[in-house]
Amino acid sequence: MNKMNRLSHNTEIRNAIYSGVGIGISGNSFLLLFHIFKYIRGQRSRHIDLPIGLLSLIHLVMLIAMSLVATDIFMPWGRWGDTTCKCVISLYRFCRSLSLCATSLLSILQAVTLNPRNSCLEKFKRKSPHYMLGCLLFLSVFYTFISSPLATYITAKSNLTSPSFTYITTSCSLAPMSYSFHLTVFILLTSRDVIFVGLMLLSSGYMVTFLGRHKKQSQFLHITSFSLKPSAEKRAMRTILCLMSFFVLMYTLDSIVSYIRSIDDGQIFYCVHIFTAHGYATVSPFLILSTEKYIINIFRSTFGRMVTIILLRNR
């Protein structure tokens, strides 16, 4: 039996992956429904609400595709055909690409919203969510153009005739590529990652610098009108640092594991790669929800009522 096929009998890894995917789907579903509920109720929306809603939708679709991949790895019900392999694997890769783009654009948008109202970016600030939609649409078309040739190398195992095929799932594998094509895809995807991660780091650094400078100015001037702002600034800084830092951490780990897999494509590194690939999509909604005052107040109110009911029953 092939060592990769033994994954289907490893219940500990299977349960861990399914638990992580299930938690991520629940968190992103709740975050998406929360923003839909805010829109239906007509509550005042922030500039980042639409991008966060889009990011949660992207992660939701990505984790659903991941659950299908995990099912074919651990509990295959039947062999997938070429079309199913191409669609599921390509959808997962497409959502991962959009997650990177949306996170980078979200960090840029948050940096823009910190500028004062009389700045030159005020006009852009009002239309920035719509610009982000346009950027995501353009990037979607661009990535589809890049990844379409790559999808032709994803094939069902029933068609395999060479041991040089790379394992993806029980049903699917990646056919060997020519050196020139592999190098072209590598350069394009690496350039994309460097650009968007670089923009993310620059915008996050700008936000931290801006918030720190604003806090020092308010403390130096002792202006009472700023007395309510430090907590909001700290909360915004904490959200930015946590979300972007966690993304960079998971991206770095995923890149390291991907490189190791290119040398040793064993069972252990394959499983670690699964966790690092969807770790950000699983944790990010909870990082965002932890800073939503409205949700925190609901949980506090609900928890307080539950405690009161329990105390009354015990009397």
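Glycine is no exception: its Cβ is also placed from the backbone N, Cα and C atoms.
Swiss-Prot lists CYS85-CYS172 with the feature disulfide bond. Here Swiss-Prot flags 1-15, 72-90, 155-193, 261-267 as topological domain 'Extracellular', drawing on sequence analysis. Residues or ranges marked as topological domain 'Cytoplasmic' by Swiss-Prot: 41-51, 113-132, 213-239, 289-315. Annotated transmembrane segment per Swiss-Prot: 16-40, 52-71, 91-112, 133-154, 194-212, 240-260, 268-288, in sequence order, evidence recorded as sequence analysis.
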Open item on the list: Quick check for me: are there 3+ Cβ pairs below 8 Å between the transmembrane segment (52-71) and the transmembrane segment (194-212), leaving out pairs under 6 residues apart?
Closed with: no
Open item on the list: With Cβ-Cβ distances below 8 Å as the criterion, list the same-chain residues six or more beyond the ends of the topological domain 'Extracellular' (72-90) that contact it, or say none.
Closed with: 7-8, 10, 13-14, 17-18, 65, 147, 151-152, 154-159, 168-172
Task: Spatial neighbours, same chain, of CYS85 (disulfide bond) - Cβ under 8 Å, 6+ residues apart - done: ILE154, THR155, ALA156, ILE168, THR169, SER171, CYS172
Task: Other parts of the chain folded back onto the transmembrane segment (91-112), taken as Cβ under 8 Å at six or more residues beyond its ends - done: 47-48, 51-52, 54-55, 58-59, 61-62, 65-66, 69, 121, 124-125, 128-129, 132, 135-136, 139-140, 143-144, 147, 150, 192-193, 196-197, 199-200, 203-204, 206-207, 210, 236, 240, 243-244, 247, 251, 277, 280-281
Task: Top partner of the transmembrane segment (16-40) among 133-154, 194-212, 268-288 - counted as Cβ pairs under 8 Å - done: 268-288
Open item on the list: Please report, as numbers and ranges, the same-chain residues at least 6 past the borders of the transmembrane segment (194-212) whose CB is under 8 Å from any CB of it.
Closed with: 100-101, 103-104, 107-108, 110-111, 114, 233, 236-237, 240-241, 244, 247-248, 251
- [ ] Looking only at the topological domain 'Cytoplasmic' (113-132), report the model's average pLDDT.
- [x] 63
